[in-house]
């Protein structure tokens, strides 16, 4: 999370194009407007904008007529669509833990004699159409369990199907089924307080008043003094007490969050600062205004700022998105695509992937769709969200992928002789390379210039910086070296000062092949071309890029001109990497989603039988790239081997490596925004 930056709220910086001095909060009811007006009186930085519904507020925020509103997960999904282009910036936190999730539950009165499997023909109370606990999760659950049968909107609108499933309902916001409004007592046409049975307290009141048989709410909705009169309906068709929600829920879902316009970091920061600076006003109490959950949920204990560049898909996570998308079927395809969606980073990888796709289609008709990502983290997000299926990454990126719910499926093997041995070790050594005679040692590295493969990568960052952190206990790595090239760092920092960009000197410090000094060969080139005093790479990289080997830029370099250094040893010959290295680490691995792991393994085994090093087909080689670059896979890869299905990322990386990473992750600068989000929002995994 971003720490609170205590900047003054008064006045405007000269660099700001348009002065932001007010947070215009959108409200959807008279009671909410009362609370907002009271907030504005206590903190004049706020003003209130009244609209008739949530969707009207989204339109107002997009147009700049309002700035912010707190939404539930289903509404966050809608807000993030192209129609509105809003994103979550602040999450509600409930209770004393750091958990920003809640449980969607089905509540019924005691002794009413039915379970979740017998809901057909019952009367239902919903918080609102499109809301998480009241609609998306319960309806998605009943669809997935095949109790509600729906072929998609080409057949019939979902609201019509749900209206036919239940005897009658109150589902505020329903427009396509009169039956879904039959139990309501106000204006059911809008998701707003104009309907008394709207939202959590309203849906529960609908049940309490005897209008409905079941209410779909969150786990904290039933008041403490009334819990003994109600029970939860579990997915296994049993019932449990209200307090046993962790063992009897429909789903764990992301908390409500404040949304605003995308691509306006300054506005997002101003909203956060404004909320953080509120004094003598309880943001999380609605009782004085005669309502419940006004502006924020009453059960909120604090607010948490989300990492920068988080969009609605990252915040909601793949499991919740799957539930929402299941409710929005427009066309039912007759068959599911068997294409493998491979994610490629940058133009060079995309070109190789396109060649692979053509070769595969010609060979046996297997379709490969090449999905382009800007960075590895961008590709990991695409895999999480089912926009891509797989990619090969280094160990540090396996760690991030694992934190985000992905699994390692296959690993690169660099020894041809071990390709027939399934349990063989797939390892390489992380080393520190210097120019011979430079006088650089491990002990005098401070204030030298450094070349790294990329932020978050194994040999180029995690291992060396982990060792440096163990020595210094200081996370300010940009101050340890005088200047560096560490692709993926802040382009304006000293960690990017030695980077060069591409041939046109653009994309400087980008974590892709568009940065000349990116990855193993790039970090060595940074050293060889005099941009750095030390390069952190893998043990084979010097031999692969000297003595006439490697791309054109490397032809004139000689391996004898370079040496290795390591703690308490060196300089030594580059041949002596086994006795002078920083660590022995796992090879690169292919990561994917758990549910398609077997599909990915089968696909890759088939592909390497056609295009691997030992295959006779010459039109395309999976592990070969122009000029010895590591495109899609490392150039030194001889084959891919399956990782046992029981091994998750922790088991694959090993305890020693996990310990190093835990230590390094003390430094937030070494943790990407993606990893911060994945470890922060545990609803995703």
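We count from 1, first residue shown onward.
Every residue, even glycine, has its Cβ placed from backbone N, Cα and C.
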Given Swiss-Prot lists 428, 520, 588 for Fe(3+) 2, the same-site residue among 377, 378, 389, 394: 394
Per Swiss-Prot, member of 84, 102, 230 binding Fe(3+) 1 alongside 72, 200, 256: 102
Lowest local Cβ density among 451, 526, 639, which the record lists as disulfide-bonded residues, within 10 Å: 639
Rounded to the nearest Å - Cα separation of residue 127 (hydrogencarbonate 1 binding site) and residue 26 (disulfide bond): 20
Residue among the disulfide-bonded residues 48, 248, 509, 566 whose Cβ has the most other Cβ atoms within 10 Å: 509
Which same-chain residues, if any, lie at least 6 apart from residue 200 (Fe(3+) 1 binding site) yet have Cβ under 8 Å of it: 127, 133, 134, 217, 218, 221, 292, 293, 297
Residue 499 (disulfide bond): secondary structure state under DSSP, collapsed to three categories: coil
